[in-house]
Amino acid sequence: MEAVLNELVSVEDLKNFERKFQSEQAAGSVSKSTQFEYAWCLVRSKYNEDIRRGIVLLEELLPKGSKEEQRDYVFYLAVGNYRLKEYEKALKYVRGLLQTEPQNNQAKELERLIDKAMKKDGLVGMAIVGGMALGVAGLAGLIGLAVSKSKS
């Protein structure tokens with residue numbers, strides 16, 4: 001599963017699917033499969049703007065898809081949001097998938113990895129806040145010491 005989350009699309013694949021998407025768009029009608037393939041490539045890009053664009057394309061597809069297609073759309077919506085570190089959104093999508101498919105092992109594993117990332121980021125965030133609080137307390141102590149020395 002971590003390979004799916006960390007896999008980067010090749011520039012060549014991205015350009016090929018982008019050309020196909022733009023060609024169909026210019027002709028006036030983009031097929032669901034072309035839009036999904038392009039979105040799937042964008043979600044695997046190393047650039048956040050590409051990932052966001054892929055998410056938008058997947059969200060557009062969601063109401064149009066069959067049950068099987070929707071499962072794929074929701075899964076890659078979770079992957080895209082995970083890659084953007086939008087863990088709450090990723091969790092929302094993966095849990096929605098697990099409501100309809102409680103035995104989906106891929107979704108269970110993705111949920112576990114999202115929870116793990118949230119805990120890691122939460123601990124890192126708490127450490128940063130804690131370090132800042134210690135820094136402020138230390139600075140206040142130094143100021144207090146300087147003031148008391150200047151009075152004596």
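Any Cβ shown, glycine's included, is placed from N, Cα and C.
These numbers come from a predicted model, not from an experiment.
If you check Swiss-Prot, you get these features:
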{"type": "MOD_RES", "residues": "Met1", "note": "N-acetylmethionine"}
{"type": "TOPO_DOM", "residues": "1-122", "note": "topological domain 'Cytoplasmic'"}
{"type": "MOD_RES", "residues": "Ser10", "note": "phosphoserine"}
{"type": "REPEAT", "residues": "71-104", "note": "repeat 'TPR'"}
{"type": "TRANSMEM", "residues": "123-143", "note": "transmembrane segment"}
{"type": "TOPO_DOM", "residues": "144-152", "note": "topological domain 'Mitochondrial intermembrane'"}
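Fewest Cβ neighbours within 10 Å among the modified residues Met1, Ser10: this applies to Ser10. Per-residue pLDDT, averaged across the topological domain 'Cytoplasmic' (1-122), gives 94. In the three-state DSSP scheme, the residue listed as 'phosphoserine' falls into the coil class. A gap of 19 Å separates the Cα atoms of the residue listed as 'phosphoserine' and Met1 (N-acetylmethionine).
Secondary structure of the topological domain 'Cytoplasmic' (1-122) per DSSP, as helix, strand and coil residue counts: 100 helix, 0 strand, 22 coil.
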